[in-house]
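Positions annotated as transmembrane segment by TrEMBL: 43-67, 79-98, 110-129, 135-158, 170-190, 202-222, 259-280, 292-310, 322-342, 348-370, 382-407, 413-433. If you look up TrEMBL, you'll see 43-438 marked as domain 'Major facilitator superfamily (MFS) profile'.
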Amino acid sequence: MLTEKLETEAKDIFSSDLEDKESIDSDKYHNDPTYFPDGGLRAWLQVVGGFFAVFVTWGLVTSFGAFQSYYKQELLPGVSAFKMGWISSIQSAFLLLGGTLSGRLFDIGYFYHLITFSTVLTFFSFMMVAQCSEFYQLLLAQGFGIGLGMGTLFGPCISCASTYFKKRRLMVISIMTSGGGLGGTIFPIAANNMLKRIGFQWSIRVLAFIDLFCLLLILTFMRDRLSREVRKEIRKKSKGKFFALESWFDYSALRDPTFILFVVGITACFFGVLAPYAYLQSFTIHINASKTIVTYIIPFLGCASFFGRLSTFLMARIMGPLTSTSFITLCCVILLFSWISITSEASVVLFALFYGFFSGAVGSLPPFIIPELTTDITRLGVRYGMCFLSMGSFMLLSIPLAGLVMGPNGDNYHMLAVFCGVPMAFGCVVLFLSRLSRSGFKLVRV
């Protein structure tokens, strides 16, 4: 019965979109924040744009393991794992912390300014990475520069697409976040192969132009649904209050235990989820895996992540968004602690595939759940910003500390597995409490 329902919905997705929904009520379409067209050409173009936004942000973040291995072996062999981890950590943190500022700016009508700024800064920073030969230069260009460019792109693009959909929002966000998995497959394959053939500088330049192409597609496709007049009215109401706490903090969230518990839980999970992406390629070298496995282990993670992100929608349809969240993070906990026993090529490939699948689903959770917990769509950007501020603040320390627990030689991967697994387990418990706060122990879809 569930299968038939899903098939019916899938058939209706595009058939109903053949009608020009945007012409049904143009005034309502552009001026009513509570109206969701749930289809139409313009709405689906936002999904395409959102897909590429995640492709060039989370796709690049989860590819850092390929760059880290090259930096450690060729470019900066004397730099410790703790020190090297700051590049990825700052990039990831700025991707999320940037959402705090950009979410608020999106709400008051600066969407186009944000994505234009992101395009210019990201491309410029990429080209600067190609000129780097010192650690501090990479930290500034790849960590701060690209990270800030990502932070002004990711949140606004997801928020923009979310304003077009309500009934289909879960499916749409799954499609968009799957871009991170595809990016996490393509970027490391391209990087690993080009670094050997054309060297560091031209490899980075080629990646920069791939990134620019995707950013230009985003600029072409994505449009804020609400009119300038509506955004201007929101901006007028907040005039003189831009730096006031209530402009950046949704006090109604404090009365929503489900939202608070979700933010705490997902923050703990993200603290532990990314370290394997940064260190798994180094781990394959540590266990003397073949060059082929070393080259493609990060793409294995990314490819599995692509399917994991897509499947989040189906798991949510079957179990409910909050219930599926607990299940997904529990699987990650089991896999992280199983990392301790991995010693062979076959087992590390299986780990990469399974962990990529479930960690990819974890990566979909914030944009997946937050709109479901937000009733006032004009405050969606602020809610995203609150969640991203919490996640980014803790992620800033996660990868450097992961490098620190690996010891002075950077080869204590057992401690790394425990370091990642403990916060993930804590987050899993808190996310389950978030589910209980909504429906208790009732066996219902929630």
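Glycine is treated like the rest: Cβ placed from N, Cα and C.
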Legend entry - Stretch contact, the transmembrane segment (322-342) with the transmembrane segment (259-280), Cβ-Cβ under 8 Å, 3+ pairs: yes
Inset, instruction - Using a Cβ distance cut-off of under 8 Å, indicate which of 43-67, 135-158, 292-310, 413-433 has the most pairs with the transmembrane segment (259-280). - result: 413-433
Legend entry - Segment-segment contact (the transmembrane segment (292-310); the transmembrane segment (135-158)) at 3 or more Cβ pairs under 8 Å: no
Inset, instruction - Using a Cβ-Cβ cut-off of under 8 Å, list the residues of the same chain that are 6+ residues beyond the ends of the transmembrane segment (110-129) and lie near it. - result: 56, 102, 137-138, 140-142, 145-146, 148-150, 152-153, 156-157, 160, 204-205, 207-208, 211-212, 215-216, 218-219, 222, 224
Legend entry - Cβ contacts the transmembrane segment (202-222)/the transmembrane segment (43-67), at least three under 8 Å, sequence gap 6 or more: yes
Legend entry - Criterion met for the transmembrane segment (43-67) and the transmembrane segment (135-158) (at least three Cβ pairs under 8 Å): yes
Inset, instruction - Average the per-residue pLDDT over the domain 'Major facilitator superfamily (MFS) profile' (43-438) and send me the rounded value. - result: 87
Inset, instruction - Determine which residues of the chain contact the transmembrane segment (135-158) at the Cβ level, with the cut-off under 8 Å and only residues 6 or more beyond its ends counted. - result: 49-50, 53-54, 56-58, 60-61, 67, 71, 76, 79, 83-84, 86-99, 101-103, 105-106, 111, 114-115, 117-119, 121-122, 124-126, 128-129, 173, 176, 215, 218, 222, 367, 381, 384-385, 388
